[in-house]
Structure formats: structure tokens, C-alpha cells
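What TrEMBL records for 21-38, 50-70, 102-124, 136-158, 170-188, 194-213, 242-264, 284-307, 319-338, 358-375, 387-412, 418-439 is transmembrane segment.
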Amino acid sequence: MGSIRLQNLTEGEIKGRLLRLALPIMGTSFVQMAYSFTDMAWLGRLGSKSVAAVGIVAVLTWLSSSISSINKTGSEVTIGHSLGKGAIEEARRYASHNVSMSLLISSVIALLFFLFPHLFLSIYHLEDDVHALALTYLRIVACGLPFTFAATAFSGIYNGAGLSSIPFKVSSTGLVLNMILDPLLIFGLGWGTIGAAIATLIAQVFVFVLFVYRLRRQDKLLDCFPFFVRPDNIHSGRILRIGLPVAALNSLFAIINMMLGRLASQQGGHIGVATLTTGGQLEAITWNTSQGFSTALATFVAHNYAARQGKRIFSAYRYTLLYCSIFGILGTVLFVFFGNEVFRLVVPEKEAYLSGGIYLRISGYSQLLMMLEIATQGLFYGTARTVFPAVISIGGNLLRIPLALLLIGMGFGPESVWWAISLSSMLKGLAIVCGLPYLNRRIKLHSQLLPSSQ
């Protein structure tokens, strides 16, 4: 084995282990969110048009990030299952396959964004100057996609091994670099939006290099598994079966958000787009919190499912629901009662933050159920059953378009889009609960195949 000690999640106390897994994952999610958030915070001082341009590209990078979840979730589940049953060599093979696949997929997406940016940006029908800013920003950011995809796969590998604190430390270092470079390039050198893109690119390359150093020199995780292998059908097929449903629901989520952005643009111009994109970034406070707990739960469940420890799985899920409920209520209070103040921290322009305050108030009503849905996804993912939560999420997200059009026809204006998002989030949270009885039976049956140690 390598020099770093792998975590055994199949024995010992549950509550503390779950928190120790979740907190670094949450931190990593917030760090990744903060890259775009930092750009928007600085560019907000240049005006709402710069924010709108970066916000449009943020949706496209969100789409690419969604696709990268093929290998993030694939790593977490396959490596978690392998280590849970003590199959170290199998874990090494899955790690290699996930990295190789992530580099191949990201290179294709980067080429599409770089060579055909108009194809993606023309959806919004924005003013020419905003479109031009977004085009340049997208091309620069596209160059960093192979590095970010590989870093995402590396994070999944560490998470699957129960070492979630390491991706947090590495990503945080990249964020600090990005925060230093942003004001220097945006204002110091006067590069504006281009400076923000270059700062993000440099930080992403730096994070990739740090991961490679840790894997090869410091941690030697899984005996320095190779990054490049020729994918075979067995390992690639299982990764795709696990990761594709997750990537599909996340990608469709991003595509639908692009369509909602077009409706927001038609109803409210660049202020409508800035409200949707920046509001979405702020809403990610609760989204990333629940995602952190969901990923931690998936890792914990993967280990214990492979070891047939059913009681530990159910206990971990109950703790996860408790934590997410607390944060969901806090998120509701923050957005409903302090929406204007929160939005103004990013975009001080009055027209923008007043519109943003309305967005946050409406989205605040759905925070608890939204967090319930995401947390429960982790229970399904850990057992390698990713299709059902994907169907729930895709169905709920698809509902947003006709619901928004219906409300627009009733004269609600830009707020039609905000209500469509909030109402559909509530429905998804309620719907995923319907699948819990089936999953509970499967976990209990699986655990009975071999006597549990508890």
C-alpha cells in the first residue's frame, strides 16, 4: 500500500465519522463555487453587464462540471465498494479508468467550447457587448477543462477512500491563489473580464499540479496507480452505469437553467440574467451543504453496503437528514428575510440587488425540501442505484419550463421563472421519498446475505 492510511468506515462510531467525511466535502464544494463567486464579486464592481457575461459562462461550466460527475461519482462508488470488501487492486484499476475517462471526455468538451462558442452563447440573445465579453471568457475557461475534470476525478478517488480532507486542502489552496490573482488581473492590469478568466485558469492548473504531486510524491494513494490506461469494457461499463445517470440529471439541470436564462433575459433583460445566475450562485450555499452531506453519505454507504452493514447505513441516513434539516431551515431564514442584503454583497447595483432579493425570497421557501432530495440521493448512490433519483430530478427539472411559461402567460414577469424553480424543487423533495421503502427493503435483503457484525 501507499504511505497514506486508508479509512475503514465499516466499524466504529457513525456520527463523528460522517461529519468528518462531510465537512471537507462541503468545504471543497464551497471552494469550487467560490471560483465563480469570486469572479462575480469583483466583476460586480464593473457593472451588471460583466456579471451577466460571466454568469452565462458559469452556466456552461456548470454543464461541463455536471458531465465530470460521471467520474467523480464513478470514483466514489466503485472505489468505495472495492475498499469496503478489501479489493485493493480492483480499486487501483477503477482509479486509473476514472482519470483516463475524465481526460478524454473533457478534451472533447473543451474543443467544442473553444471552436464553437457562438453555438452555446446565441441561446441568450443578449446585447452585443455582453455577448462579446462572454465569448472571450468562455474560450479562456475552456482551456482549463481537462485540468478541472482530472482534479474532479482525483477528488472522487480521495473521497471514495474516505480521505475527503485532502481535496478540500488542495482546492482551498487554488481558491486562495484565485482570490489573489482576481483583483490584480481585473483591476491592477486593467484586463477586466479577461483577467477574471485567466485568474481562474491559472488556479485550476495549479490545483491539478498539486493533486498530481500529492498522489505521486506525498500520499502515494493506491500504490501510485497509473493515470493513463486503455479503458476496458468491464470497468468503463460499470463506471458509466453508475455515473451516467448522475451526469444526465446534472447536465439536464444545467441545460434547463440555460433555457430559463433565456426566459429571464426575455422578461428582464440583462438584469434578469444577472438575477438568475448570481441568485443561483448564492443558492448554492445550501445546495453545496446538502451535496457535501450527500457525497459523504454515498461514500459511507458504499463501504458499508459492500460489507453488508445495513444498520450502519440507516443510522448514517438519519444523521444526514438531521444535519440537512438544520441547514435547510437556516437557509430559508437567510434568503426569505435577508435576501436583498445577501445579494447586495455580490452586486451593489440597486436594480440588480432588488431583483435578486425577490429571487432569494422565493427560492428560500423550497430550501428544506431541496436539501432533503439531495441528501437522499446519497443513500441511493452509495448502493449504486443512481437511476431512480435521476428520474425524479430530471422529471422535476423538466417541469420548470412549462410551469414558467404558464406563469409568464398569467403576467408574473421575471418572477415566473423564480417560482417555477422553487415549486419544482419542493415537488422533487416530496417525490424522492416515494422510493425509500423499496431501497430500504433492498438494503435489508443485501445485509442478510452475510451476517452483519452489528
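Each residue, glycine too, has its Cβ placed from N, Cα and C.
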Completion exercise
Maximum Cβ pairs under 8 Å to the transmembrane segment (242-264) among 136-158, 319-338, 358-375, 387-412 is reached by 387-412
Handout entry: Long-range environment of the transmembrane segment (418-439) - Cβ separation under 8 angstroms, sequence gap at least 6
Key = 260, 279, 358-359, 362-363, 365-366, 368-373, 376-377, 379-380, 383, 385, 388-389, 392-393, 395-397, 399-401, 403-404, 407, 412
Problem - Same-chain residues at least 6 beyond the ends of the transmembrane segment (136-158) whose Cβ lies under 8 Å from its Cβ atoms - result: 28, 53-54, 57, 60-61, 64-65, 68-69, 71-76, 79, 95, 98-99, 101-103, 105-107, 109-110, 113-114, 117, 120-121, 164, 166-167, 170-171, 193-194, 196-198, 200-201, 204-205, 207-208, 211, 215, 221-222, 227
